[in-house]
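S.K.: This is the structure I have questions about; it appears just below.
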Amino acid sequence: MTKKIIIKIGGSAAEQLTPAFFDTIKYWQTQDTQIAIVHGGGDRISQLMSQLHEPIEKINGIRLTTQTGINITKMALLGQVQPALIEACRQQGIATIGLNAGSNQLLTGHLLDSDTYGYVGAIHQVNTQLIHQLWQQKLIPIIAPLAITNDGQWLNVNADHAATAIAKYLKADELYLLTDVSGVAVSGNILQELTPGKAKQLQDDHIITGGMIPKINSALHAVKRGVHNVHITDTVTHPGTIVTL
């Protein structure tokens, strides 16, 4: 039976992906696994905004995105991050194709809270047919975390949230949320498994804090909507913390 795996990687991952990452991708392909990659790019966006003397502001951990900001975000993601990742895969003999929200209405979204965050959105529709067509051609889609509203406005989307939405609509078997740590740590030890009840307890006790909270919430959202397992880890070669029901 064909397995579907979605991988979310950071924006600087093209320079950091290891031979083991590419070897794992190649092995999965020999097992008839369908793979899609969602990439971030926050650091590159911030760097480009600074170079263009645009203010950088975050509210509740969410980047405030003006119309100029969304244009810069598109430049960073589609002009720098995605091409670098595609080239890194090409050098390893892995056939990919870069996609964005404008690729045949790939990701349709709506504004999250325009008064507070500007052009930041959430995804409510994924063109799964397009992704399946690319899989039939043995291509790995590499997807930028951007959405477009029904009236054509581009939106900035958190990459974890984008990967979660794509995994949900594709009914993926596995979702890997790659981060800079090897899993969810409690008292210095990496949890092998995390359930919704345990996650709530750890958050209530303030053991899980900061940037790990939205990542875990994304993982919980995915498993509650049909994704079998979500891995919070620093590499696809290690399961990390498996978030499951």
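Sequential numbering from 1, following the chain as shown.
The backbone N, Cα and C atoms fix where each Cβ goes, and this holds for glycine too.
The model shown is predicted, which means the values in this text are computed figures rather than measured ones.
Pasting the relevant annotations from Swiss-Prot:
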- Gly41, Gly42, Arg63, Asn156: substrate binding site (BINDING)
- Lys8: site 'Transition state stabilizer' (SITE)
- Lys215: site 'Transition state stabilizer' (SITE)
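Looking at the shown structure, what environment does each listed feature sit in?
M.R.: Sequence-distant contacts (6 or more apart, same chain, Cβ under 8 Å) of Gly41 (substrate binding site) comprise Gly11, Thr73, Ala76, Leu77, Gln80, Val81, Ala144, Pro145, Ala159.
For Lys8 (site 'Transition state stabilizer'), the count of additional Cβ atoms within 10 Å of its Cβ stands at 28 [all protein chains shown]. The DSSP secondary structure for Lys8 (site 'Transition state stabilizer') is strand.
Within the same chain, residues at least 6 positions away in sequence whose Cβ sits under 8 Å from that of Lys215 (site 'Transition state stabilizer') are Asp160, Leu177, Thr179, Ile232. In three-state terms derived from DSSP, Lys215 (site 'Transition state stabilizer') belongs to a helical segment.
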S.K.: Compute the centroid of the Cβ atoms of Gly41, Gly42, Arg63, Asn156, then list the same-chain residues not in that set whose Cβ lies within 8 Å of it, in sequence order, for the substrate site.
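M.R.: For the substrate site, the extra neighbours are Gly11, Gly40, Ile45, Ser46, Thr65, Thr73, Ala76, Leu77, Pro145, Asn158, Ala159.
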S.K.: For Lys8 (site 'Transition state stabilizer') and Gly42 (substrate binding site), what Cα-Cα distance in Å is obtained after rounding to a whole number?
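M.R.: Roughly 13 Å, rounded to the nearest whole number.
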S.K.: Rank the binding-site residues Arg63, Asn156 by how many other Cβ atoms lie within 10 Å of each Cβ and give me the one with the fewest.
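M.R.: Arg63, out of the binding-site residues Arg63, Asn156, has the fewest neighbouring Cβ atoms within 10 Å.
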